[in-house]
Each structure stands twice: as C-alpha cells, then as structure tokens.
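Undergrad: What follows is a single structure, and I will ask about it in a moment.
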Amino acid sequence: MQKTAPRPLPARISFLSASVLGLGAAVASRGAVFVSNILLAHSLTVHDFGLFSYAYVTALNLGLFLATGVSQAAGHVLPLIENPERKRTQLCAFIVLLMALIAVAAAALYLSSASISVAAFGSEQGSGALRMAAIVLIATAFTQALQSFQYAMHEHRSSATISIGAAVLLLTMLWAMGPIRQPALALTIFLAVNAGAAVSQLLVLARATPSQRGPWRTGREELRLAVKHALPSVLTTSMGAPVHWICLSMLAAMTDGAHQLALFSVAFQWYIAITFIPATLGNLALPFLARHAGATETTVRQRFRSALLFGGGLSLALGCASFLLAGEIFAWFYPAEYGSAASSMRSLSVAAALCGVSVLLQQRIAAAGKFWRNFAMAAVYSVIYVAASYLALRLGFGATSIGLAMSAAYCCLILFQTLTLQGDSGAAIRLGRSFS
C-alpha cells in the first residue's frame, strides 16, 4: 500500500506575524469570557455569581499553574530541537507529563470539594460547583497548555482559528440557552467549549508531527528531559495561581464572603483584560528568544525590548485608563449591586499595569534557562502577596485587599527581576546546543 507523504513542517513566521495572530486569538477568547461574565453577572444573583466565580477561578488557577509551568518548559526546549522525529517524541513527553499532573490536581479538587467549601463559606453550599470545577479544570488546563505547544511548533494560524472558533461557540451557547440561573449550568457550558477546543488542538498537533510509529509515542529519555525542565517551571507558577486562590479563600471566609467574591470577580475580569496582552506576548516571545541560542546579547536584547515596550507600555496605558474610568464602567455595564466594586477595580488596575511588565521580565529570564531563579523570586512574591492580603483583610479593606496586596507583591518582584537581568547584562544568552 502506498504511504502518504508526511505533512511538511510549517514555515517559521516572523515574530510580528506571530504576535498579530496570537493577540487576535487572545482578544477573541478573553473577550468572549469577559462578555460571558458580564452576562452571568446580570442573570445570576450576586450570591450565586460569587459561588460560580469561586468555582471557576479555582479550576482556572489550579489548572493554569500546571499548564503554564509545563508549556513554559516546552517553549524553552522544543524550538531548540531540529530533528522532527525527536521534536515529536519530546512534545509527546510534555503532553504525557501534563496529563498526569492535571489528573492528580482534578482528583484532589473533586475529593476535597466539601472540605474546601466548608473552609471558604462555612458550609457545603459551594461543594457542587467545586466538583464541577474539578472537571472544568481538566479542559481549561489542557486548552491553555496545548495553545502554547502550538506556538512552539509554529502552528500560530491553527491556534488562532481554534481560539476564535471557541469564542464564537461560547457566546452562541450562552445566547441560545437564555438567562443562566444556576452556577453549575454556567460551568457546564465553559466545560463543553474548552473540551472541544482541546480536542481540536490535539488533532492539529497530531497533523503537525507525523510519524511512522504513530503521533503519540515517546520515550524514557524524553520524559526525563520534560520533568527536568518542567519541575522548576511548575514550582515557579505554583507560587502564582494557587497562592492567588489561597488569598481568594481568605476573602471568601469573611462574613459576607460570597458577596465580596462577586465584587472582586467582576473587577478581576478587567484585570485579565489588561494583562492578557503581555501574557500572550510572553508565550509568543519565549520560543523566539530561546531559538536564538548563541546569538549576540544585542540581538536578544532588541527582540526583548520590542516586546517589553509594546506589551508593558500597553498594560500601563490600559491600567491608567481603567483606574480613572472605574466608576463609569460599573455604572454602564453592571447592575447597581456591583457599584462598590469600583474600588477593587482601581487597586487591580495598578496591579495589572505592574503585572504587564513583570510577566515579560519573567519570560526573558526563562528564555535564558534560569527557571530556578524565577522560582526563588516567585516564592518571595508569594510570601509578600499572602501576608499583604491577610493584613489588608484584617484592616477591613474587603474585596479591595487582593488588588492592594498584588500591587505590593509585583513592585517587589519587578525590583528583583530587574536586578537579576542587570547582573547578567554582560553575558550572552547561553542555552546550549545539546537539543540539536
């Protein structure tokens, strides 16, 4: 039987083209989630929206730190591998590692949902939503990581197509279902959309890595390499999303915890809208920076400076705009019950502007292979974040406490990151050619 010719590898595109495609996809996906939360804030009661937000943020944060950690390691390793067969087996190793980590996290959340609900709300009122969130976690984490894998494999166009399609599907389902009255139903819709996107991404990656032995085979050496690079990266991201969830749990433990969570959640959507641009640029920039192994420091600096000026500058501009317009935004887009969330939005606007700079500095350090240094700085950030959140909550700042704590922690983190990069300014990026 005649064998089908393997699909040619996608041509490498410029960083500008990759940025345009990545940002377009991010605008579509984040925009859909953003609009969805506004719709749910109108259809759900404030209490139920608080339960939904806590459950969804739990799934998103626990899944996000695993997805970001593994995909950051993949974005560092895969662009350095020239052999297509070896690149395919290494990609499979990262996918296997991701599946194992997600399975453990989802099982832990599902089994402990009642305990978490009691700790957060004083009763099991949120346990059902948290159990659904454990299933949502699997799909959301997979979708986030597989998108970064597509970037590392130069499948930017396919990634953009899937993201835009998922965004359209999410809004269509919410419109077709009419007003949503139950948090579990809203979580089910998010689950269906993310699951469909994950399946589509797997099919694209399978086509992008053809092999005579099948698309999903790997080896012990590839798994060892995946664990070696993913471990410090996952530990670093564990200092972010799970720590943020801990701070939200402290907020939920207040007397009116569900109400405070609802106020914070509607404001936090604007934080995400501001920070997704530098986050997307960071995911796109890492493979490009890593691919310049052995390049002059001047070349790498120029590429990094372009991403920093655009992503960080835009975050600063959007942060200032949202800070000044917070009152008007909540008067225009949300029911009157959410008016007091404007103060939370102002504190989060400051944090978002700082985050836009920090995330790009983190990727610059990761591109140099210094994952453990990122972990050390992230650990310091986490301690400051939790301590500041606890202090602000004790002082009675309510939902505004999280934004204030994040701002303080990001200020310290940016200082440490800047000192780290200045200390290495005289050396070229050395990633080695052991992957070639």
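Even glycines carry a Cβ here, placed using N, Cα and C.
Not my notes, these are from Swiss-Prot:
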TRANSMEM  20-40  transmembrane segment
TRANSMEM  49-69  transmembrane segment
TRANSMEM  91-111  transmembrane segment
TRANSMEM  133-153  transmembrane segment
TRANSMEM  160-180  transmembrane segment
TRANSMEM  185-205  transmembrane segment
TRANSMEM  234-254  transmembrane segment
TRANSMEM  261-281  transmembrane segment
TRANSMEM  307-327  transmembrane segment
TRANSMEM  341-361  transmembrane segment
TRANSMEM  375-395  transmembrane segment
TRANSMEM  396-416  transmembrane segment
Undergrad: Per the 3+ Cβ pairs under 8 Å rule, pairs at least 6 apart in sequence, do the transmembrane segment (375-395) and the transmembrane segment (185-205) touch?
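TA: The transmembrane segment (185-205) and the transmembrane segment (375-395): touching, no.
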Undergrad: Look at every Cβ pair spanning the transmembrane segment (160-180) and the transmembrane segment (20-40), keep those 6 or more apart in sequence, and say whether at least 3 of them are under 8 Å.
TA: yes
Undergrad: Please indicate, using numbers and ranges, the residues of the same chain that are 6 or more beyond the transmembrane segment (133-153) and have a C-beta under 8 Å from a C-beta there.
TA: 10, 18, 22, 25, 55-56, 58-60, 62-64, 66-68, 70-72, 74-75, 78-79, 87, 91, 94-95, 98, 102-103, 105-107, 109-110, 113, 159, 162-163, 166, 187, 190-191, 194-195, 197-198, 201-202, 204-205, 208-209, 283-284, 287
Undergrad: Can you tell me which of 20-40, 49-69, 185-205 gets the most C-beta pairs within less than 8 Å of the transmembrane segment (234-254)?
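TA: Comparing 20-40, 49-69, 185-205 against the transmembrane segment (234-254), the winner is 49-69.
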Undergrad: Which sequence positions outside the transmembrane segment (185-205), separated from its termini by at least 6 residues, show Cβ-Cβ distances below 8 Å to it?
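TA: Distal contacts: 36, 40, 44, 52, 55-56, 59, 91, 95, 129, 132-133, 135-136, 139-140, 142-143, 146-147, 149-150, 153, 155, 158-159, 162-163, 165-166, 169-170, 173-174, 177, 215.
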Undergrad: Using Cβ atoms and a strict cutoff of less than 8 Å, what residues sit near the transmembrane segment (49-69) while being 6 or more residues removed from its termini?
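TA: Distal contacts: 37, 40-41, 98, 101-102, 105, 109, 116, 120, 125-126, 129-130, 132-134, 136-138, 140-142, 144-145, 148, 183, 186-187, 190, 230, 233-238, 240-242, 244-245, 248, 252, 257-262, 264-266, 268.
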